[in-house]
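The structure under discussion appears below in the form of structure tokens.
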Amino acid sequence: MAPAGMIPAHLEAPMQALSRVASDLAQTIARGPLEGALGVEVGSNSDGDNQKALDVMADEAFAAALPGTGVRWYASEEQETVQEIDTDGALALAIDPLDGSSNIDVNVTIGTIFSILPALEGADESFLRSGRDQIAAGYFIYGPMTALVVTFGDGVFSFVRDPQTGRFVQVGDRMKIPATSSEFAINASNYHQWSKPVRAYIDDCLLGLEGPRAKNFNMRWVASLVAEAHRILTRGGIFLYPSDSRPGYEQGRLRMVYECAPIAMLVEQAGGRATTGPKPLLDQRPDQLHARTPLIFGTPEKVDRVTAYHERAE
Ligand SMILES: O=P(O)(O)OC[C@H]1O[C@](O)(COP(=O)(O)O)[C@@H](O)[C@@H]1O
Ligand SMILES: [Mg+2]
Ligand SMILES: [Mg+2]
């Protein structure tokens with residue numbers, strides 16, 4: 001597992017619990033339909049999103065593993081309200097137990113995203129704060145390999161699950177987002193609903209060699225935030241899930257507390273940038289547990305360019 005001293009002592013127990021559950025989930029996911037109908041719809045969560053069997057299974061498994069680890073408050077995408085676990089715990093943990101649910105059935109990479117904060121007295125107030133208060137953030141990625149990518153506030157580290165032992169083994173040095181890349185990721189089916197700055201940025205990329213950027217770009221869209229984050233941490237690029245004019249998307253799609261804030265912390269710790277478009281994402285404060293926010297992150301030069309498009313006169 002992690003080299004001695006890397007995980008702050010008070011985070012060791014929750015990290016061990018999260019890793020154990022993720023390791024078991026990786027096995028369940030790898031068995032796919034042999035485990036049952038993991039991608040079948042079983043209901044909807046507080047946000048009105050469809051819940052798949054694996055969403056609920058993952059949420060229950062993470063919540064069940066946390067008693068005794070010092071986590072007082074547990075906030076999950078799959079639960080409307082915050083759950084109290086260890087009444088004397090000093091930590092608050094927010095989680096997207098299963099990210100990229102639409103990919104479960106089609107055997108495409110999915111993940112788990114988590115954020116750890118110091119617990120405050122109030123359940124909600126522990127989470128309704130600046131992302132800069134996070135003391136740890138990370139994700140598990142269930143793809144061709146299962147890996148953990150995590151920061152404790154001093155760099156980003158990567159661990160790969162050894163399928164022979166089920167344990168996570170550290171690989172490589174600190175992750176650093178490459179400074180150059182020609183890839184962007186956005187769900188282009190929403191083109192006509194985007195704001196002018198976002199449309200202008202993508203238009204200029206699409207014009208390629210003949211446009212103002214004078215170079216050709218490549219595009220990716222996995223529809224799993226974890227997979228996009230992993231690609232960008234590995235080989236650079238930019239991800240955009242902006243707000244758009246579809247009803248319900250005025251603040252984008254992704255959730256601040258357990259999706260955007262932890263990804264933004266990882267990205268900044270790896271030398272990248274994360275914004276809402278005009279503003280640094282980690283400086284924003286959600287007004288409710290399941291609040292959404294536009295999210296743009298990646299290579300600094302690209303993210304700064306999108307910010308400049310937002311500052312430019314119409
Ligand atoms: O289907 P869309 O609109 O492209 O949205 C894809 C986004 O939705 C998500 O799947 C939302 O996460 P959940 O699966 O946890 O609800 C992200 O992982 C992904 O970036
Ligand atoms: Mg998600
Ligand atoms: Mg989810």
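Yeah, the Cβs are placed from backbone N, Cα and C, and that goes for glycine too.
The shown structure was predicted, so the numbers you read here are calculated from the model rather than taken from an experiment.
As written in TrEMBL, here are the features:
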type	residues	note
DOMAIN	16-171	domain 'Fructose-1-6-bisphosphatase class I N-terminal'
BINDING	GLU77, ASP96, LEU98	Mg(2+) 1 binding site
BINDING	ASP96, ASP99, GLU259	Mg(2+) 2 binding site
BINDING	ASP99, GLY100, SER101, SER102, ASN187	substrate binding site
DOMAIN	177-310	domain 'Fructose-1-6-bisphosphatase class 1 C-terminal'
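Checking the binding-site residues LEU98, SER101, SER102, ASN187 for a CB within less than 6 Å of any atom of ligand 2 leaves no residue at all.
Of all the binding-site residues in the list GLY100, SER102, ASN187, GLU259, the shortest Cα-Cα distance to GLU77 (Mg(2+) 1 binding site) is found for GLU259. Summarising model confidence by region, the domain 'Fructose-1-6-bisphosphatase class 1 C-terminal' (177-310) averages a pLDDT of 97. Look at the Cβ of each of the binding-site residues SER101, SER102 and count the other Cβ atoms within 10 Å; the largest number goes with SER101. In terms of DSSP secondary structure, the domain 'Fructose-1-6-bisphosphatase class 1 C-terminal' (177-310) contains 59 helix, 23 strand, 52 coil.
Proximity of the binding-site residues (ASP96, ASP99, SER102) to ligand 3: a Cβ under 6 Å from the molecule is found for ASP96, ASP99. Taking the mean position of the Cβ atoms of GLU77, ASP96, LEU98 as the Mg(2+) 1 site, the remaining same-chain residues with a Cβ inside 8 Å of that point are ASP55, ALA58, ASP59, SER76, GLU78, ILE95, PRO97, ASP99, SER101, THR112, ILE113, TYR258, GLU259.
Close to ASN187 (substrate binding site) in the fold, though at least 6 residues off in sequence, lie TRP221, ALA223, TYR241, each with a CB less than 8 Å from its CB.
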